[in-house]
Structure formats: C-alpha cells, structure tokens
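Annotation comment: Swiss-Prot describes 2-7 as region 'Interaction with RANBP9', evidence class similarity to another entry. Marked as N-acetylalanine by Swiss-Prot on the basis of experimental evidence: ALA2. Positions annotated as domain 'EF-hand 1' by Swiss-Prot: 11-46. Annotation comment: Swiss-Prot describes ASP24, ASP26, SER28, TYR30, GLU35 as Ca(2+) 1 binding site, evidence class sequence analysis. The Ca(2+) 2 binding site annotation in Swiss-Prot covers ASP111, ASP113, SER115, GLU122 and is backed by sequence analysis. Summarising the annotation, Swiss-Prot assigns domain 'EF-hand 4' to 142-177 and lists sequence analysis as the type of evidence. Look at Swiss-Prot and you will find ASP155, ASN157, ASP159, LYS161, GLU166 tagged as Ca(2+) 3 binding site. Summarising the annotation, Swiss-Prot assigns Ca(2+) 4 binding site to ASP199, ASP201, ASN203, TYR205, GLU210 and lists sequence analysis as the type of evidence.
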Amino acid sequence: MAESHLQSSLITASQFFEIWLHFDADGSGYLEGKELQNLIQELQQARKKAGLELSPEMKTFVDQYGQRDDGKIGIVELAHVLPTEENFLLLFRCQQLKSCEEFMKTWRKYDTDHSGFIETEELKNFLKDLLEKANKTVDDTKLAEYTDLMLKLFDSNNDGKLELTEMARLLPVQENFLLKFQGVKMCGKEFNKAFELYDQDGNGYIDENELDALLKDLCEKNKQDLDINNIPTYKKSIMALSDGGKLYRTDLALILSAGDN
C-alpha cells in the first residue's frame, strides 16, 4: 500500500495518513533511526520501480537525511517532501505554525476555556481558519475529513481531543521547543511546589520576571535538555499562553506538568 502511494503524482490526505502510519512503527509521532532510513529506502525504490525521478524536494530530503543516524522528522517535514494535495499541505505551511510563539497564541485563541485541550469542533474551526487565511475554502465534507485525519495523526492517547503537546506536532521539529521540555516535566505535586516557589508575591500567577527565574533554574538543572541561551525564546513562547502577562497555574502546567503521578 505504501509503495503505490509513494509512486503517486498526487497524494491525498488519507493516503498521506496511511504512509505515515506505515513508517511510524513505534507510534511516537516522529520518524527517526531505522524508521527514517526505511522511508528513504522505500521512497527511492518505489519511484525507481515506477520509472519516476525523485522530485527536487525528495532529492533534498534524501541528501539531508540519507547518511545520518541522528535524523528526526515530524509530520510537517514529510508533508513538504511528498506531493500532497494542496489544501491539506497548506495546513502545514500557514503563518500560525511558523514559530512556537505564534502557535501558542493560536492555541490560546481556541482553548478558550483553558481546559488544556482542543476538541473536535474547536479543531475544525481552527483548520477552517487556517485555510481561510491562505485564501482557500473547502466544503464541509472535506473539512470533516481533514479534522478526522488530524485527530488520527496527532491524538496519541485516542481521547478524541488534542493536548498542547499533541497539537504542537503541527510545528516543524526544529521549531517545537515543547520537545525540549518533555524531559523536564514534573509530577503534579512537584509542579505545584515549584509554582508556589516562583510565584514570589503569592498572587496566583507568574509574571515574566518570575518565569525568567524559573527557566534559569530549570536550564541549570537540565543542561542536556535545555539551553540557557534560548531562555528568551522559551519565555516568549510560554508567555504567549498568558492572560495579559499573567501566567496562571493551568497554563504553565501545559508545559511543565506531567500530571498527578
């Protein structure tokens, strides 16, 4: 199935989903190591078997990752390599997904109740807005298909809604600073203790200066995961979740809390 899709001159959204599932063997949401090398090998073989040249995007991709053991790509990168249908591809090229800060602002717009989740209807509106900003419209059937596929692609725990970290897979890997914070998340008890420690004036929220102090300490303790030189970027992106400069516990928990365990 994947071979025939890789030979197509135009890959539909549902075919793209099937290709992704085929190669993301461990369901991590990323292709790396053997998964990535399998993709490169099968892509080259499929195109050759069909008598097709690699497209310029495919050649660049093979040159960049073919000889690397440490390569890692997400859904966004693959969507740019394969000849994916235009409207679906636009979802990965929109301005709101060019940087983590813009992504956080977009998240805040749609997670209106600060629940930490975007549910099906909210996701549908989010995708509709992205396409409209690119001056594209799709009918309700196609929009429902895209919404369903996005849930299948990103909803790793199959609860029918997307958490911030799941939704962030719409970002290119190099832009997704949330990946860095996966290794430094705290259990609920530790997070609450840290929040109260850095909420120095006890007003129930953390401001930019308090966040700066928290990030500096986190970087010092987790040098393998976090780069202290990137604090301005981390801070800008996290503060995009704030309410007028006030970063409440539930907002910061999206980044730093791993839950109650």
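Glycine residues also receive a Cβ, built from the backbone N, Cα and C atoms like all the rest.
A Cβ distance under 8 Å defines the sequence-distant neighbours of the domain 'EF-hand 1' (11-46), meaning residues of its chain 6+ beyond its ends; these are 1-5, 54, 58, 61-62, 65-66, 69-75, 78-79, 82-85, 88, 145-146, 149, 152-154, 156, 166, 169, 173. Spatially, by CA atoms, the binding-site residues ASP24, ASP113, GLU122, ASN157, GLU166 include one closest to GLU210 (Ca(2+) 4 binding site), and that is ASP113.
Closest by Cα distance to ASP199 (Ca(2+) 4 binding site), from the binding-site residues SER28, ASP111, GLU166, is ASP111.
Here the region 'Interaction with RANBP9' (2-7) has a mean pLDDT of 85 out of 100.
Excluding ASP155, ASN157, ASP159, LYS161, GLU166, which define the Ca(2+) 3 site, the same chain contributes PHE117, LEU151, PHE154, SER156, ASN158, GLY160, LEU162, GLU163 within 8 Å (Cβ to the Cβ centroid), listed in sequence order.
For the domain 'EF-hand 4' (142-177), the number of residues in each DSSP class (helix H, G, I; strand E, B; coil) is 23 helix, 3 strand, 10 coil. Residues near ASP26 (Ca(2+) 1 binding site) in space but far in sequence (CB under 8 A, at least 6 apart, same chain), listed by position: GLU35. In this view, the densest Cβ surroundings among the binding-site residues ASP111, ASP155, ASP159, GLU166, ASP201 belong to ASP111, judged by other Cβ atoms lying within 10 Å.
The binding-site residues listed here (ASP155, ASP201, ASN203) include no residue with a Cα within 10 A of the Cα of SER28 (Ca(2+) 1 binding site).
Taking H, G and I as helix, E and B as strand and the rest as coil, DSSP gives the domain 'EF-hand 1' (11-46) the counts 24 helix, 3 strand, 9 coil. Neighbour density at the Cβ, taken as the number of other Cβ atoms within 10 Å, is lowest among the binding-site residues SER115, GLU122, TYR205 for SER115.
Here the Cβ of ASN157 (Ca(2+) 3 binding site) has 9 other Cβ atoms within 10 Å, regardless of which shown protein chain they belong to.
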